[in-house]
């Protein structure tokens with residue numbers, strides 16, 4: 001059984017970003033909240049939308065920061081600090097360029113080139129020991145095209161693949177919390193949306 005106490009979905013605030021690839025983490029937390037009939041409410045002291053769900057008898061807080069992606073650490077540190085949630089009890093969902101659409105993977109710790117993750121690491125005192133759920137969005141093929149790509153909307157087929165991977169990610173979060181990381185990883189890492 002995992003000791004996850006906080007699940008964070010990264011993205012950018014505002015309608016202009018709502019359906020962009022960069023908001024894949026936000027979509028995942030919104031789906032998780034919907035699945036548990038949880039209404040997320042704006043909490044200015046936590047710089048984001050928050051909610052609470054119970055999964056496998058565990059009380060879990062949900063957070064979608066209202067800061068821009070590169071300032072996500074402000075929200076995570078505020079909520080984790082207030083509730084005394086250690087980094088190893090945090091799971092952050094975010095978009096991953098290095099995975100194709102339709103794939104999602106868990107990861108524990110380590111570095112990342114993703115700006116939101118880097119800011120969270122910095123805001124947690126350079127502690128990298130939190131869980132990640134990386135939602136594949138694919139790569140545009142050239143480094144110079146990344147910004148426009150992540151801030152763009154995916155074609156319908158890719159969006160369907162990302163949505164399927166997010167749905168599977170939500171199911172695997174339940175397995176992670178009720179059982180363990182190995183079982184959740186085995187299932188999620190063998191999933192590929194067609």
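Just so it is clear, glycine is given a Cβ too, placed from its N, Cα and C backbone atoms.
Listed in sequence order, the residues of the same chain lying 6 or more apart from residue 22 (active site, proton acceptor) and placing their CB within less than 8 Å of its CB are 11, 12, 69, 95, 150, 151. Marked as active site, proton acceptor by Swiss-Prot on the basis of sequence analysis: 22.
Around the Cβ of residue 68 (tRNA binding site), the same chain contributes 12, 13, each under 8 angstroms and 6 or more positions distant in sequence. Per Swiss-Prot, the feature tRNA binding site maps to 17, 68, 70, 115; the stated evidence is sequence analysis.
Positions annotated as site 'Discriminates between blocked and unblocked aminoacyl-tRNA' by Swiss-Prot: 12.
For 95, the entry in Swiss-Prot reads site 'Stabilizes the basic form of H active site to accept a proton', with the evidence type sequence analysis. Cβ neighbours within 10 Å of residue 95 (site 'Stabilizes the basic form of H active site to accept a proton'), excluding its own Cβ and spanning all shown chains: 26.
The tRNA site is set by 17, 68, 70, 115; from the centre of their CB atoms, other residues of the chain with a CB within 8 Å are 12, 22, 67, 69, 71, 72, 116. The recorded positions in question are 12, 70, 115, and the one with the fewest Cβ neighbours inside 10 Å is 70. Around residue 17 (tRNA binding site), a 10 Å sphere centred on its CB holds 18 further CB atoms from the protein chains shown.
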